[in-house]
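Here it is: the structure, laid out below.
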Amino acid sequence: MTSYVVVLIALCCCVTPARSDGSDHKYKAGDQVTMYANKVGPFHNPSETYRFFDLPFCAPAHVTEKKEALGEVLNGDRLVSAPYKLDFMYDKDSEIVCKKKLSKEEVSQFRSAVAKDYYFQMYYDDLPIWGFLGKVDKEGKTDPSKYKYYLFKHLHFEIFYNNDRVVEINARTDPNALVDITEDKEVDVDFVYSVKWKESTTPFEKRMEKYSQSSSLPHHLEIHWFSIINSCVTVLLLTGFLATILMRVLKNDFVKYAHDEEAADDQEETGWKYIHGDVFRYPKYKSLLAAALGSGTQLFTMTIFIFILALVGVFYPYNRGALFTALVVIYALTSGIAGYTASAFYCQLEGTNWVRNLILTGALFCGPLFLTFCFLNSVAISYTATAALPFGTIVVIFLIWALVTSPLLVLGGIAGKNSKSEFQAPCRTTKYPREIPPSPWYRGTMPQMAMAGFLPFSAIYIELYYIFASVWGHRIYTIYSILFIVFIILLIVTAFITVALTYFQLAAEDHEWWWRAFLCGGSTGLFIYGYCLYYYYARSDMTGFMQTSFFFGYMACICYGFFLMLGSVGFRAALFFVRHIYRSIKCE
């Protein structure tokens, strides 16, 4: 028990790293404020980042690494002390960092970085700084072999302070201080920097607001609200159509069935009432369905908790690693929900091997995620990229899985097994199943999934671009309230379209609705993965094997998670609907 407490306390400390408005950021004139160099990498490949000193920059005499939380390591941050000395309120003019003679190999290394549009990222008093390493002169040249490559050697820092605190920092390069690195020959370089301090009236508590302003610009907000309106119209049309059609059809069905019962007992039944003795017949692969339902319910719960944290302001811009840490911790703590849901539902369906069902539940999402991680981490190691997790971090994640996730999953499974709840079926199931009549091709599983996934996807696709641009680009997403509204709309549309398709399936006297409802509900995840293909090739400039494998690998896991989550939502809605309509008629 002690190990649980220690792990959870450590994790909770990681979830909420010290905010940038803490009291430990007060300085006096001349105080040393450490600057940390983080990483470098191609601007268009967000996953492909490397340690700052993998390039032959001027390194300080003693490079010290900053201790980082779990989420920061997962985010690829590797902060080390930078060679720049930016003392509080102390201006500098053309201070030499170092004089360096670049070898042919180092010149080639820098030229390759400049050609790939490398940027660098640093942190000063928890404020991020970006800049590019150099530039390519293409003016008037069509032949790439005649391009000129230049390295920036002078970096100018402009720092704003309010009384005893740093509130803003900008870095820019001197366009006139260039080093020609076009040819593979030794070059003497004097790396220089200058510092200018300026007073500001910006309150320290609001110094991070400028990083979220880009996503809150009026024209961006208009697009977001257009997305909301588009989604709401979709929901209103869909719900209005379904409510009108289903209520009228069901009312006619109820009247017809009531009349038939009064008129003649031997009259042949048709439609969905005809299969009342088969509609609650337990599905094939019920252990897999219960595991999928448990995993989807866990992911749904985790998503709700993430939204709560986002709405209360935990994920403010450049709270490094907070989202990744929250995902790991909340997923671990909600594994009991997966165990309970899967085991309880499996036992309701008269399943006997609940231990195997519990193992399947634990592996259904984590298994593919683990295999994907192993492959992508191997790719990152081969590239020596910061996306490669250190062995210590992998051990920590394994301990979280072994000491928190697995025990909670087992405890939840035991509680679900002992819940003694029975499956609520309004109709008695017959001994032998009826034969399902042949149906046209468009009533098949795949066409129904395509129809079910398209409408929910159409309600969210506008917002998807901004999410992708944030996760796989350099935009900052902060409008979580709008995202939450879109998420609620997504759930409503998924539930309604699944209910409608379930009714049409039952009306066609097809009683095998269980898996169809889950697959139709989750089919939006397949559409999102289809959007991944479009985004990668049409909306982004990502290139290279590493970036491609990371993008499609991790997006496959995310879309699979959406499939499980929305499949659970669709199945629950369909189950509620089926129980409701069969409870409303008299079944012998």
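Here the Cβ of each residue, glycine as well, is placed from N, Cα and C on the backbone.
Curation plays no part in TrEMBL annotations; they are all automatic predictions.
I grabbed these lines from TrEMBL:
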type	residues	note
SIGNAL	1-20	signal peptide
TRANSMEM	223-246	transmembrane segment
TRANSMEM	288-316	transmembrane segment
TRANSMEM	322-346	transmembrane segment
TRANSMEM	358-381	transmembrane segment
TRANSMEM	387-411	transmembrane segment
TRANSMEM	449-468	transmembrane segment
TRANSMEM	480-501	transmembrane segment
TRANSMEM	513-537	transmembrane segment
TRANSMEM	549-578	transmembrane segment
The transmembrane segment (549-578) vs the transmembrane segment (480-501): three or more C-beta pairs under 8 Å (separation of 6 or more)?
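They are in contact.
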Is the count of Cβ pairs under 8 Å between the transmembrane segment (358-381) and the transmembrane segment (223-246), pairs 6 or more apart in sequence, 3 or more?
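Contact between the transmembrane segment (358-381) and the transmembrane segment (223-246): absent.
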Are there residues at least six beyond either end of the transmembrane segment (480-501) with Cβ under 8 Å to its Cβ atoms? List them, or say none.
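Cβ under 8 Å, 6 or more out: 224-225, 227-228, 231-232, 234-235, 238-239, 242, 245-246, 303, 307, 310-311, 315, 448, 451-452, 455-456, 459-460, 463, 467, 516-517, 520-521, 524, 566, 569-574, 577.
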Give the nonlocal contacts of the transmembrane segment (449-468) in its own chain as ranges (CB under 8 Å, at least six residues past its ends).
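Counting only partners 6 or more residues beyond its ends, the transmembrane segment (449-468) has Cβ contacts under 8 Å with 215, 220, 223-224, 226-227, 230-231, 234-235, 238, 475, 477, 482-483, 486, 489-490, 493-494, 497-498, 501, 519-521, 523-528, 531-532, 535, 539-540, 566, 570.
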